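Trainee: So Swiss-Prot says this about it:
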type	residues	note
TOPO_DOM	1-78	topological domain 'Extracellular'
TRANSMEM	79-99	transmembrane segment
TOPO_DOM	100-111	topological domain 'Cytoplasmic'
TRANSMEM	112-132	transmembrane segment
TOPO_DOM	133-140	topological domain 'Extracellular'
TRANSMEM	141-161	transmembrane segment
TOPO_DOM	162-171	topological domain 'Cytoplasmic'
TRANSMEM	172-192	transmembrane segment
TOPO_DOM	193-202	topological domain 'Extracellular'
TOPO_DOM	224-241	topological domain 'Cytoplasmic'
TRANSMEM	242-262	transmembrane segment
TOPO_DOM	263-270	topological domain 'Extracellular'
TRANSMEM	271-291	transmembrane segment
TOPO_DOM	292-310	topological domain 'Cytoplasmic'
TRANSMEM	311-331	transmembrane segment
TOPO_DOM	332-346	topological domain 'Extracellular'
TRANSMEM	347-367	transmembrane segment
TOPO_DOM	368-374	topological domain 'Cytoplasmic'
TRANSMEM	375-395	transmembrane segment
TOPO_DOM	396-403	topological domain 'Extracellular'
TRANSMEM	404-424	transmembrane segment
TOPO_DOM	425-435	topological domain 'Cytoplasmic'
TRANSMEM	436-456	transmembrane segment
TOPO_DOM	457-479	topological domain 'Extracellular'
TRANSMEM	480-500	transmembrane segment
TOPO_DOM	501-515	topological domain 'Cytoplasmic'
Amino acid sequence: MSTSSSVTQKNLDTNAEALKKEDKVLSEFDIQDERPKSLLWESAFVGVLCSAQLMTQAGLGQSLAPLHIIGNSFGTTNAGQLSWFASAYSLTVGTFILIAGRLGDIFGHKKFFVLGFFWYALWSLLAGFSVYSNQIFFDCCRAFQGMGPAFLLPNAIAILGRTYKPGRRKNMVFSLFGASAPGGFFLGAVFSSMLGQLAWWPWAYWIMGIACFVLAVAGYFVIPHTPMPSRDASSFKLLERIDFAGSVTGVVGLILFNFAWNQGPVVGWQTPYTYALLIVGTFFLVIFAYIESRAAFPLLPFAALSSDTAFVLSCIAAGWASFGIWIFYTWQFMEDSRGQTPLLSSAQFSPVAISGFCAAVTTGFLLSHTPPSTVMLFAMTAFTVGTILIATAPVHQTYWAQTFVSIIVMPWGMDMSFPAATIMLSDSMPHEHQGLAASLVNTVVNYSISIGLGIAGTIESRVNDGGAKPLKGYRCSWYMGIGLSGLGIFVAATYAWSTFMKSKKRISEKQHFIE
């Protein structure tokens, strides 16, 4: 009996010591960083950090606009192979965000922000030089290129979050960060179209590499120095804090699962390795879940997740998968079906920058007067309406009818869903896991774009009669997007109703208590 008591007491002491260590680690995340002291310095500071979002979306736009120009240089016309130009990039952006955020927490956010831009610069340059190689090397460069934004986004958000206290200034800075996304996509599309059409497409990637190098150097100088988080090697192992086992199994599972979905339309699902990789990827994700449930410092703490988290992430996954389908096939529709040049198509997409900025400002106002669940419902509706408009647009219809309205509407889905989801997750998570909210949203956004393209590509390859009827394939892919965003509306409406009923119940209980 005494032996059992001593063992129990020893376990309690060990658990208490572990909790103290974890509290020490988590307290490091709450440190307030020094804000730049002058307006000029602060403007440069915010500009460099917002460039993380801008360059991330520019990386997506630079492959979509000159898609066929790049494909022709490699002798590629298959839609499934072309979709890899965008999906390989989004795959790694979504896969590595959680790991990048954890590394930033341990080794310093500024360090990994700067390294992210250097990495982005290197693989942008190599993507341009892939013109001398083949499409497979270009796809690999795009995948490695996407790891740069994966390190930029969570660390930029963490730096901003630690620098600004809650208030109007912080809301303004985060609104600017969100508004950079549509503008970044437009800039990437315009410059890559112009260079691809009038000069040589690799120049878009070489210029991107130079710009990222300049931003890396700028980030080193304009981001204030922050003290390195303390790491007591005698207290806990570094690999345990990084969650090495969870990171490896999670990355392998996500990559294999996504690769199978995007490669299936290219080689056909009857090819054995496609469904084999899908099964193996799922197996690794199951192992990842098992490891995370027992890890001391889990990359994805299941204890912090709730039914509210599932609702929010389901909405984001459905809406942004729909967005990925919309933007990829709208570009194909403009260039293939309507015979437009990449530069003209980019010009027609220019309203996304203005509409996105208006959406970001409006969302900031709505979130202070309307429940985030209602804003999320509006966002899912925007995704659905925008996709319906382009899916039913006749080929020879004027741009100013359905296409223009669709391009105006879709940024509202983008810029309303992201901040609403971040706030909703933040409200539903414990204080010590606040940094996880934005990282989770970013992960699901980018991974869903890539998966959505894989699902749509499978549908397109089944209905376009071997490429003889491309328009039929585009429309059926859009219909899939409508189904996904419609599912988002259903989930958002259910969540909004559930939130309303919970609020009503709390008010009723409070009144009953007062009486």
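Using the three backbone atoms N, Cα and C, a Cβ is placed for every residue, glycine included.
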Trainee: Can you tell me which parts of the same chain pack against the topological domain 'Extracellular' (133-140), counting only residues 6+ beyond its ends and a CB-CB cutoff under 8 A?
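Mentor: For the topological domain 'Extracellular' (133-140), the nonlocal Cβ contacts are 70-71, 74-76, 81, 84-85, 88, 127.
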Trainee: Counting a contact as 3 or more Cβ pairs under 8 Å, with residues at least 6 apart in sequence, do the transmembrane segment (375-395) and the transmembrane segment (311-331) touch?
Mentor: yes
Trainee: Short question: which residues 6 or more past the ends of the topological domain 'Extracellular' (457-479) have a Cβ under 8 Å from it?
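Mentor: Result: 77-80, 83, 261-262, 264-266, 268-269, 325-326, 329, 332-333, 336-337, 387, 390-391, 395.
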Trainee: Below 8 Å between Cβ atoms, which of the listed ranges 79-99, 141-161, 271-291, 404-424 makes the most pairs with the transmembrane segment (311-331)?
Mentor: 404-424
Trainee: Can you tell me which parts of the same chain pack against the transmembrane segment (271-291), counting only residues 6+ beyond its ends and a CB-CB cutoff under 8 A?
Mentor: 243, 245-246, 249-250, 252-261, 263-264, 298, 302
Trainee: Sequence gap of 6 or more, Cβ distance under 8 Å, 3 or more pairs: do the transmembrane segment (347-367) and the transmembrane segment (79-99) meet that?
Mentor: no
Trainee: Would the transmembrane segment (141-161) count as touching the transmembrane segment (242-262), if touching means at least three Cβ pairs under 8 Å and pairs must be 6 or more apart in sequence?
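Mentor: Result for the transmembrane segment (141-161) with the transmembrane segment (242-262) is no.
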Trainee: Hey, which of 79-99, 172-192, 404-424, 436-456 has the most Cβ-Cβ pairs under 8 Å against the transmembrane segment (242-262)?
Mentor: 79-99
